[in-house]
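Pulled from TrEMBL, these are the features on record:
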DOMAIN    258-300  domain 'EGF-like'
DOMAIN    348-390  domain 'EGF-like'
DOMAIN    483-526  domain 'EGF-like'
DOMAIN    529-573  domain 'EGF-like'
DOMAIN    576-620  domain 'EGF-like'
DOMAIN    623-667  domain 'EGF-like'
DOMAIN    670-714  domain 'EGF-like'
DOMAIN    717-761  domain 'EGF-like'
DOMAIN    764-808  domain 'EGF-like'
DOMAIN    858-902  domain 'EGF-like'
DOMAIN    905-947  domain 'EGF-like'
């Protein structure tokens, strides 16, 4: 028996590899004696005498794909003819054979003759489409490469040269997930099957039954423990028992620990949550910031959460004490300090202090962190500070003060006025008690004329006098006085004794006069020279001593200012207060002159500033002296604060609040900052009375001359410097009356004066052309040009290239380090366009010599497939690169140590080991094998060669 190991015909004849496959060999025309062979057809004719034996070798021809499956079409015929001619053209070829199991022998073979034949397979007993139990009918193919086809397969599509597929349930394990089940093939011409009677779910098509819902333990998904028990009733139902944090469940995992979301901190008060784990969702909170630990409820919130400081409306900032307590402190209280753990004090107005006396009033808390308040709108007097409004003036019963009866009515209106009505003895003036009885003071004798008084009780205040000493009785008038009642003799201060004339109310006679002679009847004594107090004529005090017997001579003594005794008939000197120097600054005050001096004085009771300044110093001026209310030009009336040289109150302000805060000038008008010109558009500003923000612009330079109220004049078109928008400099000239029109001049690049409303041209350096290649450099534009530039300080290549030429790119621009796919970081060599240095390479040395790329991945050539065993290569990075293989088809699925995947068991073509032909198909897996199909005898073998 001859076994052909190799016949090197294809390469020798120039035929494409894979076209010819040697299938069998045998000696032909061999005589009984091996020393000499029988004569062959090749020996006849003109052929030279041949030495050696004839070896007949059978080849199978593989047709190209473009010829299809037919072996009788034109393409197939031409191809077979081409191969035949190529073999005939050979003189000889080499082959390796084994004879009866000998060692391989290499022989040189010459071509004697070539015979072609087409072998077809007929459907006979040797071909069993149902060999695997998959039914099927055999259909021969006489003109096709494939010999026969199995049709009507129960478990799959038609097959060629192999039996119909077996029942899929042979290799299917419905219980591969431990879910039970019975496999039933559908027998519908496909490999489909169904797993039925599943333990843990419904029937499954083309897949195993579902696993138990308790695989893995679903109950513990939330971390709540539990024992999972499947229902095993053909559904995925299950129950969870022995849950740590709640009752058992159905088809739902056990509840998670109540501490999963840390409920202790729900109120923002910290705390450490510890689940009790007693089969319920109980937990405890410890280390709470604002109180004791808790059970099944969050830590208490900060006592400041509701800001208790403001409970009384007194503002305040709450600061929690912490430390596990609910304590807090309030600061910045509006109406005074607060006690610990107590709200800020209530406004002093809460108790209505202004109306404490029944005087009404509106209370306004001053604040300022104290319990001060002011009362306004008082009924019976001016406003007050830190005290109630005045009580009604009728409270003390002023109308009856004189015993004249009457009813009191308060006037109100912020005054202490009152009126008395129903008076017994006459009407009363406003703010005056009812008049007393006219007889209370014995009006009749008020002139010294005696008499008896009788008052009228009709409220008219009338009375009658009888029994008068001088003259008859009177009504509503006292009895007439004697002429001496008023001591007319002494009317001039000249002494004397008055004797009235009996029966007369006007006649009298003076005698014993001090100065001058006795006068005539009804004439007073002459006055002394001191009657007019000439000594005090200048306000200088003094004692005047008249000269007896003279009406003009006198002497002054004890003068207050200057000489105490001036010359006779000379008044005392005037005091320093005569000109009221204390009020020189308008600050009021009382002037007390210095005794004995005509220049010294002391001011007191000053209205503003110190009440008593230094001696000889006038009282200070009020804060309104400089009219501070009008300081901002907002007008107003200034009212100084008594006792202060700086305090004042403005009212009737022109702009803003009519009455600003104390010591605050009237608000400035909206035009103070000239808002109309805010955009540089000029204009005249007219403020709006009563407003600090309202104004009206007119006479604007650009745009509308009168814009909307409170709108500034429009900016000129040059406000944003449009000429320089492109970085081309230039001077912008706006067009009056327009907010958009302008003209540029003195441009740096391009035309110096472009068209109206056109910015200056951009320089050639605007796009940084020097760095276009990533080579850095400094760009210098050419003045007057929009395209010309010069680069300098380039990083790579020439530092200064030719004008209008960008800097050269670095050698790393194309990332040469990664050229082989080995990663790495590229560092270009400064000043060079080709030099670079690679580092951080993924495979091999991390740092290489200059201008060398990083090494390629050891997987670049896919070494795993070197033996044809497939596999996915995973490179191993490092100084000593290697690789591992995964998903190998044959043998171990993975390899280590930089070894390729194992070769296919078909590489050595074991099917033809016995010369029985066959097509080898590898069986993947840890224990590889192979299947031989299309054996020459029509059989299919597993892990053994086709029969010879």
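We count from 1, first residue shown onward.
Quick reminder: no glycine exception, Cβ is built from N, Cα and C everywhere.
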So what's near the domain 'EGF-like' (905-947) in sequence-distant terms, Cβ-Cβ under 8 Å and 6+ beyond its ends?
1-4, 23-25, 60, 121, 126-127, 131, 147, 161-163, 867-868, 889-893
The domain 'EGF-like' (623-667): which same-chain residues, six or more beyond its ends, come within Cβ distance under 8 Å?
585-586, 607-609, 611, 687-692
Which residues of the same chain, at least 6 past either end of the domain 'EGF-like' (529-573), have a Cβ under 8 Å from a Cβ in it?
492-494, 514-516, 593, 595-598
Six or more residues out from either end of the domain 'EGF-like' (670-714), which same-chain residues have a Cβ under 8 Å from its Cβ atoms?
632-633, 654-656, 658, 734, 736-739
For the domain 'EGF-like' (258-300), distant same-chain residues with Cβ under 8 A (at least six beyond the ends):
222-223, 242-247, 320, 322-326
Helix, strand and coil counts within the domain 'EGF-like' (670-714) (DSSP):
3 helix, 12 strand, 30 coil
Confidence summary for the domain 'EGF-like' (258-300), mean pLDDT rounded
90
